[in-house]
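S.K.: The L-aspartate binding site annotation in Swiss-Prot covers E171, R217, H448, R489 and rests on sequence analysis. According to Swiss-Prot, the feature region 'Aspartate' maps to 195-198. Under the heading ATP binding site, Swiss-Prot lists R217, D218, E219, Q226, E482, G534, L535, D536, R537, citing sequence analysis as support.
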Amino acid sequence: MRTHYCGNLNKSLAGQTVELCGWVNRRRDLGGLIFIDMRDREGIVQVVVDPDMKDVFEVASQLRNEFCIKFTGEVRVRPDSQVNKDMATGEVELLATGLEIINRSAALPLDFNQTNSEEQRLKYRYIDLRRPEMSDRIKLRARASSFVRRFLDENLFLDIETPVLTKATPEGARDYLVPSRVHKGSFYALPQSPQLFKQLLMMSGFDRYYQIVKCFRDEDLRADRQPEFTQIDIETSFMTSQEVRNVTERLVHDMWKELLDVELGQFPVMPFSEAMRRFGSDKPDLRNPLELVDVADLVKDVDFKVFSGPANDEKGRVAVIRVPGGASLSRKQIDEYGNFVGIYGAKGLAWMKVNDRAAGFEGVQSPVAKFLNEEVVNAILERTQAETGDIILFGADKAGIVSEAMGALRLKLGTDLELTDTSAWAPLWVVDFPMFEEDGEGNLHAMHHPFTSPLGVSAEELQANPAVANSDAYDMVINGYEVGGGSVRIHNAEMQTAVFGILGIEAKEQQEKFGFLLEALKYGTPPHAGLAFGLDRLAMLLCGTENIRDVIAFPKTTAAACLLTDAPSLANPASLEELAIAVKLAEKKDA
């Protein structure tokens with residue numbers, strides 16, 4: 001039906017007759033002529049309809065926004081005075097010789113010239129996606145997927161599919177379950193990742209695997225999460241963690257160069273402990289210059305239990321953030337930051353303004369200064385390298401609360417005070433994660449997943465002191481977002497059984513849930529390691545947006561609903577009966 005895309009017309013086509021298909025972006029009647037801005041996925045071009053072409057002019061006079069149309073015409077170069085530098089096709093226009101209305105459009109539920117609610121945009125997503133801004137994002141995501149496949153193919157990785165209907169395994173989030181009609185009362189689980197199958201592929205001899213695959217997690221949603229998401233899944237045999245990081249870093253480095261013409265440089269490597277100590281996060285945004293500074297040793301003897309209590313508690317932490325120029329913050333602003341850290345469990349936010357650094361103790365203003373002697377204040381000023389006009393903000397509590405609260409405050413201050421360099425790219429690797437973490441009841445859980453190999457210890461050593469063991473795991477972080485995570489996997493049954501035992505999975509349960517894996521580990525399993533990227537997050541960063549829904553064609557809401565199709569919905573009673581399922585609906589409470 002067409003010979004060219006609208007957005008691809010240029011001066012090299014001058015004098016040629018072309019056929020275009022697309023939509024009316026805008027119509028203008030000017031000086032007896034009709035001007036149509038015609039749009040398709042590649043861009044917009046101006047079409048001129050002359051009244052001398054009576055049949056075409058008559059049809060063009062009926063056009064309204066979003067009519068689906070076909071134009072035939074001659075490409076001509078615009079006079080210099082009429083060149084539109086804001087359009088990629090602004091040097092040319094199409095002089096129409098033929099016009100067909102393929103389909104008319106009803107009045108639009110969205111207005112392209114103003115901001116529409118996200119609810120409306122998701123309900124009429126097929127219209128929202130026509131907007132050049134959205135179309136460009138989806139196209140860039142497609143280019144990213146194409147680049148990944150090409151890069152991995154060239155590096156001898158094999159694209160192998162794994163099952164979607166599989167067995168439920170504990171991977172951190174709730175599973176989406178699918179009832180079996182044949183095996184009544186039994187359920188499949190949709191995969192949270194292809195983790196075990198890709199490990200089995202390594203055992204099968206396919207030493208370099210990848211897959212761009214849909215995964216499913218029934219978890220609470222945030223702006224950068226969806227119940228179904230796309231993963232770039234990678235697994236290798238006979239590669240060390242460093243070698244896996246090398247090839248996947250090169251993938252991202254080359255992707256940024258090809259798609260954005262951005263040179264990322266070599267990624268720095270940071271241990272988990274350093275990331276938590278300096279930034280209060282295992283995914284630090286290095287574009288933000290603010291850091292957490294520990295001062296527990298300086299305040300452990302002060303007569304102020306808010307500080308001395310956590311300072312003398314082995315599970316406590318006292319940390320500060322020095323904010324350059326922050327002494328200008330009002331008391332109201334400081335109180336608002338105090339309320340903010342309260343979201344993360346902090347009981348308050350002590351502060352100290354440095355009005356005159358040269359005056360030392362006499363030059364600070366703080367409601368807690370009276371509890372701190374001159375020596376302590378001067379030591380804090382020295383350690384934080386404070387200067388006149390700065391403010392020092394204090395966090396004191398359990399280490400986990402301080403790290404999370406002050407880490408979040410660091411990010412908020414970076415945004416509010418425009419300290420974060422939003423024009424920069426700051427990738428890094430975070431490594432040497434703890435193997436396990438404690439829940440509130442003293443039980444151990446795998447920090448990544450239970451198939452991650454410990455770093456440099458035997459099964460016996462791990463069992464003797466699991467709480468201090470590190471894992472051979474690594475996360476790739478870009479601008480404060482974890483875009484990929486991976487690890488070396490356990491490749492012998494003894495170690496895997498030991499890890500299951502530490503996690504409280506008894507022998508019987510191990511066989512029920514993971515018997516196939518433990519059996520497979522007996523037959524010459526190679527050492528293997530891998531990584532999975534979140535394609536949605538990578539695309540989000542590439543497109544310069546902060547909402548993952550902006551780079552997914554048909555996303556769900558934060559309530560895991562599809563406003564376009566009204567999913568999820570009630571099932572047909574006959575289908576439920578065939579599956580031997582009875583649904584118990586929550587009773588509605590009287591108002």
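Cβ from N, Cα, C; glycine included.
The model shown is predicted, which means the values in this text are computed figures rather than measured ones.
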S.K.: Find, among the binding-site residues listed as E219, E482, the one whose Cβ has the highest number of other Cβ atoms within 10 Å in the structure shown.
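M.R.: Per the Cβ count within 10 Å, the most buried is E482.
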S.K.: Taking helix as H, G and I and strand as E and B in DSSP, count the residues of the region 'Aspartate' (195-198) in helix, strand and coil.
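M.R.: Secondary-structure composition of the region 'Aspartate' (195-198): 4 helix, 0 strand, 0 coil.
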S.K.: Tell me the coarse DSSP state (helix, strand, coil) of L535 (ATP binding site).
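M.R.: The residue in question, L535 (ATP binding site), is helix (DSSP, three-state).
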S.K.: Give me the CA-CA distance between R489 (L-aspartate binding site) and L535 (ATP binding site), in Å, as a whole number.
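M.R.: One finds 22 Å between the Cα atoms of these residues.
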S.K.: Fill in the CA-CA distance, E482 (ATP binding site) to R217 (L-aspartate binding site), as an integer in Å.
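M.R.: Distance (Cα to Cα, whole Å): 17 Å.
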S.K.: What count of other C-beta atoms do you get within 10 angstroms of the C-beta of R537 (ATP binding site), across all chains shown?
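M.R.: Excluding its own Cβ, R537 (ATP binding site) sees 20 Cβ atoms within 10 Å.
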S.K.: About how far apart, in whole Å, are the alpha carbons (Cα) of R217 (L-aspartate binding site) and R537 (ATP binding site)?
M.R.: 16
S.K.: Please report how many Å separate the Cα atom of R537 (ATP binding site) from that of H448 (L-aspartate binding site), as a whole number.
M.R.: 19
S.K.: Test of understanding: give the count of other CB atoms lying within 10 angstroms of the CB of L535 (ATP binding site).
M.R.: 23
S.K.: According to DSSP, does E482 (ATP binding site) fall in a helix, a strand, or coil?
M.R.: strand
S.K.: Please give the greatest C-alpha separation between any two of the ATP-binding residues R217, D218, E219, Q226, E482, G534, L535, D536, R537, in angstrom, as a whole number.
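M.R.: Taking every pair of listed residues, the largest Cα separation comes to 19 Å.
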S.K.: Over the span of the region 'Aspartate' (195-198), how high is the average pLDDT in this prediction?
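M.R.: Residues in the region 'Aspartate' (195-198) carry a mean pLDDT of 96 in this prediction.
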S.K.: Cα of H448 (L-aspartate binding site) to Cα of E219 (ATP binding site): how many Å, rounded?
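M.R.: Spelling it out, the Cα of H448 (L-aspartate binding site) and the Cα of E219 (ATP binding site) are 16 Å apart.
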